[in-house]
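Per TrEMBL, the features are:
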| type | residues | note |
| --- | --- | --- |
| ACT_SITE | Y193 | active site, proton donor |
| ACT_SITE | K264 | active site, proton acceptor |
| BINDING | R246, N501, N545 | (S)-malate binding site |
| BINDING | E336, D337, D360 | divalent metal cation binding site |
| DOMAIN | 170-351 | domain 'Malic enzyme N-terminal' |
| DOMAIN | 361-614 | domain 'Malic enzyme NAD-binding' |
Amino acid sequence: MISLNGSSFVKNSISGVSMTQSRSLKVSVRRPMVVAMVNSNGKPERNVGVDGAVKDVNAPVAVEVEDSDGKKPIAVVGGGVEDVYGEDTATEDHFITPWSVSVASGYSLLRDPHHNKGLAFTEKERDAHYLRGLLPPVVVNHDLQVKKMMNNIRQYEVPLQRYQAMMDLQERNERLFYKLLIENIEELLPIVYTPTVGEACQKYGTIFKNPQGLYISLKDKGKVLEILKNWPQKKIQVIVVTDGERILGLGDLGCQGMGIPVGKLSLYTALGGIRPSACLPITIDVGTNNEKMLNDEFYIGLRQRRACGKEYAELMDEFMSAVKQNYGEKVLIQFEDFANHNAFDLLEKYRTTHLVFNDDIQGTASVVLAGLISALKLVGGSLADHKFLFLGAGEAGTGIAELIALEISKQTDAPLEETRKKIWLVDSKGLIVRSRLESLQHFKKPWAHDHEPVKDFLDAVKTIKPTVLIGSSGAGQTFTKEVVEAMSSFNETPIILALSNPTSQSECTAEQAYTWSEGRTIFASGSPFAPVEYNGKVYVSGQSNNAYIFPGFGLGLIISGAIRVHDEMLLAASEALAEQVTQEHFDNGLIYPPFTNIRKISAHIAARVAAKAYELGLASRLPQPENLVAYAESCMYSPKYRNYR
């Protein structure tokens, strides 16, 4: 016997019997194991098994409805070909009820990406969960599914089509998606993330099918907490949030920047082992200044100019407060692809009150520092022996510069103000020098050194004579032949890092760097490049990809229960990554390890970050595990299929 609250049935009828007052109803089912859910039109909505399984809505079922006064039962007979949802008989202005069930079984199980196995359901599972006949008779294993999917994806020649195929798989079979990604990470990383994700964001409105993550817009002010509670998963550990103003090197893409949080969190799971259900992608939509987006009929965001100032700050403050209230102190909030003026302000404002991390500022800095530490084993000397010149003085450039200065200070015990003098930055107006101090944005001021103004970048290279050249400008082809040749003229082995994404925005290509330096440079880039053959030798360039750092970094914060991010954690992550580069890698000219072992690398990074959190007194998960590497590996999500009862 099952009780239903009858208040929603006031003045409605059940099989023609009028009910004029709210009352408690008891429903008994004559057919075993099946309950008919009754809608506001007095008709059975669907038949639900006691185990939660949805049965055939057209199968005959008899239901008795008895009121709380114990009066004579009313017979309700469902089944047959009829409008069980009330949709066909309702006019367009009538409301219908979107019923759902909590336990996936039968047809609904095949549409549940968290539990669907496709053809890998066993014979026993097909019987137990009402799948018999809903699938072809063959049973295949997980490995064969991976092989089939890779064959299918390789049929597509256009990267965006491969991206769409991967996203479709993620929405259809979550565990197969992650197994496929983990086992083919080097091939699929450029598809699910940079550079392909950039094109996906540009065309997000056109390729949009099913929403992923949460969208919070200016229209939702005062309701942010309510929106967070709409998300079905309650135990969130990592949030990646963007406002879409500076997507990679592509500029303001507004609401369509959602592809970035979705892609980042896929890597948190695949590379760092964070459970998919613990990840939440969010886009804050405050409009866009991109005229092309505003005029695009398929654009999915607010059609207005981008809000700023007080209106923007109030929405962000409400969001940050709501996240902390809903998910607690230890949820990691990763800011992603915010424009410079907001990125620095948000990080500075919330770093003392929330567990926040900006991948563009801190993650990029950590992975570049790791590459430089590795490169020193090839060129010799310490960081303090080198001179650094940056093209680009935004989030990435100043973030990298600051972390390099911190590491030099740590190694030499020199004041940070002194170690910064080894680092020079060039922005759109030329070399950042002290005479420009009054007109500089606050995050550029620490890098204004005593020097005469230099407007041209090539002149800056020739004047400063750096040993390390780093591009974070977002401007493609700015490391010209003259620039690379100049670097090679006063360095036996110049270090050149072209970090801007996507590939079209890279400061130079791998082929250009090796050719123009006559094969002498140590080169790494933000987006991947194919191996280059020069003078009979094959050069394999490294990829200075943030995916080396942020998944393991986030895992380390989670397993330690860290409540704040400290700069020393970033240094620890850099050192841990650099230690994973072996002599074999150095012999091949690599300054980063291959991605094939990325989950083990992430575990080592997580362990080092967690150890630093415990050392600094910022960890809340006590006692500290004895073997943090083993503990990190044990906490990682596995995409292997589970057996169902």
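Each residue, glycine too, has its Cβ placed from N, Cα and C.
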- Message: Using the Cβ center of E336, D337, D360 as the divalent metal cation site position, which other residues in that chain lie within 8 Å, going by their Cβ?
- Response: T242, R246, I247, I260, F335, F338, A343, N358, D359, E395
- Expressed in Å to no decimal places, the gap between the Cα atoms of the residue listed as 'active site, proton acceptor' and N545 ((S)-malate binding site) is 12
- Candidates Y193, E336, D337, D360 (recorded positions); nearest Cα to R246 ((S)-malate binding site) turns out to be D337
- Message: Within a 10 Å radius of its Cβ, which of these recorded positions (R246, K264) has the fewest neighbouring Cβ atoms?
- Response: R246
- For the binding-site residues E336, D337, which Cβ has the most other Cβ atoms within 10 Å, all shown protein chains included? E336
- Message: For a quick check of understanding: given the listed (S)-malate-binding residues R246, N501, N545, what is the maximum Cα-Cα distance in angstrom, as an integer?
- Response: 18
- Query: Sequence gap of 6 or more, C-beta under 8 Å: which same-chain residues meet both conditions with respect to N501 ((S)-malate binding site)?
  - Reply: T194, P195, G198, L248, G249, G526, S527
- Task: Fill in the CA-CA distance, E336 (divalent metal cation binding site) to the residue listed as 'active site, proton donor', as an integer in Å.
- Result: 13
- Message: Please report the distance from the Cα of D337 (divalent metal cation binding site) to the Cα of N545 ((S)-malate binding site), rounded to the nearest angstrom.
- Response: 15
- What residues, ordered by sequence, lie under 8 A Cβ-to-Cβ from N545 ((S)-malate binding site) and sit at least six positions away in the same chain? L189, T194, V367, G526, P528, Y592
- Message: Below 8 Å Cβ to Cβ and six or more residues apart, same chain only. Which residues does that give for the residue listed as 'active site, proton donor'?
- Response: G263, K264, S266, L267, A547
- Across the domain 'Malic enzyme N-terminal' (170-351), average pLDDT on the 0 to 100 scale: 95
